[in-house]
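A.B. asks: Take a look at this one; I'll ask things after.
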Amino acid sequence: CQPHPGSFQEELVIRPLHSGDIYASFQFRTLWDTDFLQEGQKKVSHYRLFPKSLGQVLSKFSVQELHISFTQGFWRTMQWGQPFIPSPPGAELWVWFHDTVSDVDGNWKELTNVLSGIFCASLNFIDMTNTVQPSASFKPLGLGNATDHRFLRYATLPREIVCTENLTPWKKLLPCGSKAGLAVLMKSEKLFHSSFHSQAVHIRPICQQCTSKAWELRQTLNVVFDHYTSGQGKKEWSLFKMFSRTLTEACPLASSSKVYVDITDNPELFELSPATPLLSQAVVLGDRRTYSVYDLTRAETFGQLRSFNLLLRWKGDSGDMLRPLLHAERYVAGFGLQTGEIHTVIYNNHPYRAFPVLLMDSVPWYLQLYIHTLTVTSKSRDNKPSYIHYQPAKDRHRPHLLEMLIQLPPHSMTEVTVQFERALLKWTEYTPDPNHGFYVGSSVVSALVPSMVAMSTNFTQDQPLFSSFVPVKEESSYFVRVYTEPLLVNLPTPDFSMPYNVICLTCTVVAVGYGSFYNLLTRTFQVDEPSPPLAKRLANFIRRIRGVPLLA
Amino acid sequence: MGLLSDPNRRKALTNLLTRLNAPICMVCYLAAIVWFMGLAFEPFTLRTYMSENAMGSTMVEERFSSGERALSLAKEFDAHKRKAGGMPVEWLVKAMQARGLEVFTQSFSRKLPFPDENKERYMVRGTNVYGILRAPRAPRTEALVITAPCSPGNSDNQAVGLLLALAQYFRNQIFWAKDIIFLVNEHDLIGMQAWLEGYHHTNITGMEYSPLQGRAGSIQAALSLELSSDVITSLDLILEGLNGQLPNLDLANLFYAFCQKLGVLCTIQGKLQRNDWDTAEGYTHAAQTMMLMVLKQACGRSWGDHGLFLRYHIEAASIRGINGFRHYKMDVATIGRLLEGMVRKLNNLLERLHQSYFFYLLPSLSRFVSIGYYMPAFGLLAVILLLRALDLWVNLGAPALEAVDGVTEAEQPSGPGVLTVLTPVVISHLTGVALYLLPVHLQEMAVEHFPVSETEAVVLTAVAIYTAGLALPHNTQRLLSGEGTEQGWKVLKLTALLYLAVLLGCTALINFSLGFVLAVTLVPITASMTPHMPKALSALAMVLLSPAFTILYCVFIYQELIEAPVSVGEGWMLFLSVISQGILDHALYGSLVYPLLALFIYPCWLMFWNILFWS
């Protein structure tokens with residue numbers, strides 16, 4: 001039987017930010033109407049658009065849903081607003097396994113190692129000491145109502161550095177590779193000359209006209225270009241300037257290939273050329289936005305020169321941005337190497353609506369949290385969380401997991417503090433650069449943020465992809481996930497630079513000091529008696545044999 | 001150890017030590033002084049070298065060239081500062097924002113325990129302005145800080161101008177791996193303290209401040225900039241921080257390396273380096289530089305805005321531009337290049353600065369004395385105290401030793417009562433507590449009754465309590481029912497000697513200079529003190545070697561070393577202001593020298609004073 005060919009869509013959204021920076025977001029979606037997890041079915045071996053390497057991994061490890069992101073830099077919510085798809089600095093991986101899996105931990109371990117090979121990343125450093133099972137923060141985004149968090153694994157590697165070696169395997173997963181279509185823009189020397197770089201892969205089962213189950217693979221790449229470091233003062237942008245390439249064709253395999261430019265603030269802010277008659281409106285993150293659409297499947301887009309270069313010229317200064325409704329930050333308070341306090345500050349900037357947020361914190365075991373010192377305060381009043389899920393750490397086995405449902409009052413700042421003590425590690429447990437410090441992953445704030453704009457819930461094809469990623473059940477609110485900064489914490493560190501001195505000194509102190517004191521303390525002093533004469537000894541020997549008392 | 005377990009040999013050893021005690025002590029004292037003075041002799045010191053690999057071989061190319069812009073910004077800042085009569089917050093926020101920084105402000109207020117007459121301030125209210133340059137593709141975990149003070153009058157305008165010019169230049173570069181915080185602090189150290197406490201969300205000195213809005217992770221290093229003229233002849237590096245803490249030596253090495261590279265004259269303690277170590281002048285010069293460092297470190301003050309960072313485990317140094325009477329002048333662009341180079345090297349750091357020394361003395365910028373070399377000088381002094389204590393111990397235990405042969409524990413239940421020893425100990429410590437608490441708390445009363453200002457009231461109360469303490473021994477004797485026995489003073493002296501040894505030992509571990517300076521003056525008199533000496537003469541000697549006089553001598557020596565000698569009258573005024581500064585430093589920044597002297601060293605000295613008047 002012929003498997004359904006599936007479809008492939010690609011798009012690029014360009015959003016000029018109020019700070020003067022440019023946000024470019026690529027999304028590639030591959031749909032495939034098949035189900036490799038279905039039991040009793042023949043093993044799927046014929047792949048067309050869907051990358052085989054991932055398909056095999058999914059079926060081998062019975063993965064229900066997989067989300068992996070590699071991010072270099074920190075998304076500056078206060079300057080840039082909300083991203084289309086948020087991700088924490090470093091690497092993040094969360095996976096829902098199929099509920100038929102018996103050994104979830106074993107599958108997870110193998111899966112991370114395989115993914116590590118596929119993406120050329122240090123995902124093999126994910127082990128039980130940094131894996132958690134969040135009970136509420138990470139719900140499946142696709143089909144299937146599995147909510148038993150025993151089948152969920154979540155881990156972050158805040159220290160992971162993302163560079164070209166991660167980009168190349170990511171590009172290879174695309175049907176056209178980087179040969180045609182939007183992917184030709186992805187030249188690493190430009191992508192990594194930016195303020196923010198994030199690439200992700202999301203795989204989930206979705207409903208194809210709700211008759212059959214289909215697999216959706218979304219590959220996203222988000223970049224923010226900084227106008228200071230690359231603009232030489234001239235605020236002018238073009239595709240060529242950003243990516244040192246122009247577009248000449250769509251990917252031939254793509255059923256749709258579009259470039260969107262956010263022109264909601266046009267014409268006050270910038271001027272766009274070439275102009276396009278095609279406009280599209282979409283509600284993104286609670287805000288109605290207008291987009292110019294350039295369809296790359298149509299020849300007239302490329303014009304006379306057979307190449308499409310978008311030019312964007314700023315006019316005057318950018319205005320103030322509306323404060324994002326939800327915003328969070330985190331820092332370590334205190335000084336010294338014994339104790340400290342983690343402060344997580346969550347801002348609700350909505351003028352009159354309160355809303356609940358789910359805060360998830362995963363803290364490594366070597367920061368020993370004093371959970372009795374946990375306080376949540378909003379507007380200098382105690383704010384009791386309505387739900388707390390806390391799993392204490394086990395030394396060298398598992399991290400702390402803290403999840404809380406907190407109601408944020410309108411227009412307020414909520415501060416969550418918890419004290420910790422820094423553990424003294426064994427000397428082999430230190431990293432090769434212990435004085436750099438140890439990382440604590442970002443905490444995750446997930447919330448349904450109220451929006452003014454009602455949002456339609458059906459997944460229709462003509463809606464832009466970036467607006468339909470997260471299914472929203474409740475009208476008039478939208479789902480947002482905000483990641484805080486990771487923390488860098490110094491632990492008490494021995495001076496590794498002079499082990500020789502240390503060993504010599506300790507050995508000497510122990511040998512000389514302790515040894516002789518021990519000697520002095522345990523030795524009994526007695527007066528030495530001269531040995532008895534031979535005759536007496538002989539007599540005593542005989543008396544001992546006879547059993548009579550010895551001579552003195 | 002066989003030596004000690006054998007009673008005969010042990011007796012021989014103790015006999016030797018008691019018989020030769022005085023000469024050994026003399027030799028030790030002289031050896032300590034000679035050793036210490038020898039530290040400044042170049043062949044005995046080590047050449048500085050860069051330990052940190054990340055800052056070593058990767059020389060960066062400096063391109064900063066907007067010196068003119070820095071100067072015009074300095075003028076503009078000056079004009080706005082005059083207009084605002086303090087920190088021109090709005091202008092500074094705009095200027096930083098225009099350079100693409102994330103800008104935040106912090107307001108703070110602090111009421112000093114008593115008016116500071118040196119800086120003429122009492123109720124301090126101010127605002128710090130700081131801008132954060134976010135490093136591209138960095139997750140806000142590490143930061144570097146560059147600070148410039150907003151000082152009254154004409155000073156430090158150029159520092160702020162250069163800071164802004166550097167911010168503009170840095171913002172256009174792509175290579176930053178750590179966020180860079182540009183901070184302009186008002187009211188020098190008070191503003192800095194407020195900012196640091198705000199950044200780390202602590203409150204250790206009772207400062208009132210508004211919480212910080214923007215942070216950039218853990219701060220790895222900080223540079224403080226003081227620049228008051230358009231051209232300079234040399235740059236001075238200031239390292240001494242609060243409580244005598246020093247930044248990692250690599251920071252000094254980094255500064256020195258870039259001064260060499262850019263051909264900038266650099267000094268430490270305001271003294272240029274000389275190459276003629278083999279001449280008497282050359283040695284004296286090095287010795288003076290080192291003595292200045294010892295004196296500055298001993299007083300436990302923060303000698304620049306950098307000094308408060310050190311408590312937070314942030315390596316920091318101040319760089320001060322000096323416009324002297326030299327031929328060779330440098331423009332601001334050169335200093336900018338120097339800072340650019342230093343910051344770029346710090347930006348390359350993979351770990352905190354930790355490779356090099358934290359405990360050192362610098363006889364010049366290219367030579368250093370590490371802890372292993374200077375500690376013996378203090379050790380020799382401490383040994384004197386222990387030897388004297390041993391002598392007393394053997395003396396006290398002598399009759400007991402004969403009875404119980406071979407057992408060290410010569411407990412004497414029939415000796416002087418605990419009370420005889422405890423009373424002077426408790427009374428001297430209570431005097432110490434009075435010296436610590438009363439001056440600040442009694443100022444209002446003193447101002448009411450005497451025609452003095454608050455500051456004078458505080459200082460004079462302190463001096464009065466100090467002097468009143470000298471009258472105590474006579475009263476202590478009256479309190480006691482029994483006569484002071486021969487045994488009594490020996491036990492008291494033994495206690496006091498061990499107490500002093502522990503005190504000085506602990507102090508020297510944390511702040512070598514303070515421990516050494518105190519030991520040099522306290523050890524000779526305390527070691528030789530007995531009640532049988534001629535009272536008047538030895539009392540005079542004791543007073544002249546008491547902690548207060550030590551401070552007085554330090555003031556004179558310091559003035560002599562910075563080539564600004566003072567008359568006795570001026571010296572006295574300086575002495576009084578040093579005391580008031582010490583009390584203020586303790587209240588404002590948590591400096592520990594004043595409590596150490598008042599609560600421990602002075603009572604300990606009083607115990608010896610007691611022995612002298614034992615009857």
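Just so it is clear, glycine is given a Cβ too, placed from its N, Cα and C backbone atoms.
Just so you know, TrEMBL annotations never went through curation; they're auto-generated.
Annotations for this protein, taken from TrEMBL, read as follows:
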- B:20-41: transmembrane segment (TRANSMEM)
- B:371-390: transmembrane segment (TRANSMEM)
- B:496-525: transmembrane segment (TRANSMEM)
- B:537-559: transmembrane segment (TRANSMEM)
- B:571-589: transmembrane segment (TRANSMEM)
- B:596-614: transmembrane segment (TRANSMEM)
A.B. asks: Looking at B:20-41, B:371-390, B:571-589, B:596-614, which one has the highest count of Cβ pairs under 8 angstroms to the transmembrane segment (B:496-525)?
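C.D. replies: Ranked by Cβ pairs under 8 Å, first place goes to B:371-390.
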A.B. asks: Within the same chain, where does the transmembrane segment (B:596-614) have neighbours whose Cβ lies under 8 angstroms from its own Cβ atoms, ignoring anything closer than 6 residues to its ends? I mean 6 or more beyond.
C.D. replies: 424-425, 428-429, 431-433, 435-436, 466, 469-470, 472-474, 476-477, 484, 488-489, 492-493, 495-496, 499-500, 503, 507, 514, 518, 522, 525-526, 529-531, 533, 535, 538-539, 542, 546-547, 582
A.B. asks: Which range wins on Cβ pairs under 8 Å with the transmembrane segment (B:571-589): B:20-41, B:371-390, B:537-559?
C.D. replies: B:537-559
A.B. asks: Short question: which residues 6 or more past the ends of the transmembrane segment (B:371-390) have a Cβ under 8 Å from it?
C.D. replies: 14, 17-18, 21, 24-25, 28-29, 31-33, 35-36, 39, 44-46, 357, 359-361, 494, 497-498, 500-501, 504-505, 508, 512, 515-516, 519-520, 523, 526-527
A.B. asks: Grab the same-chain neighbours of the transmembrane segment (B:537-559) for me: Cβ-Cβ under 8 Å, and only residues 6 or more beyond its ends, written as numbers and ranges.
C.D. replies: 291-292, 295-296, 298-299, 463, 466, 470, 517-518, 521-522, 524-525, 529, 565-566, 571, 574-575, 578-579, 597, 601-602, 605, 608-609, 612
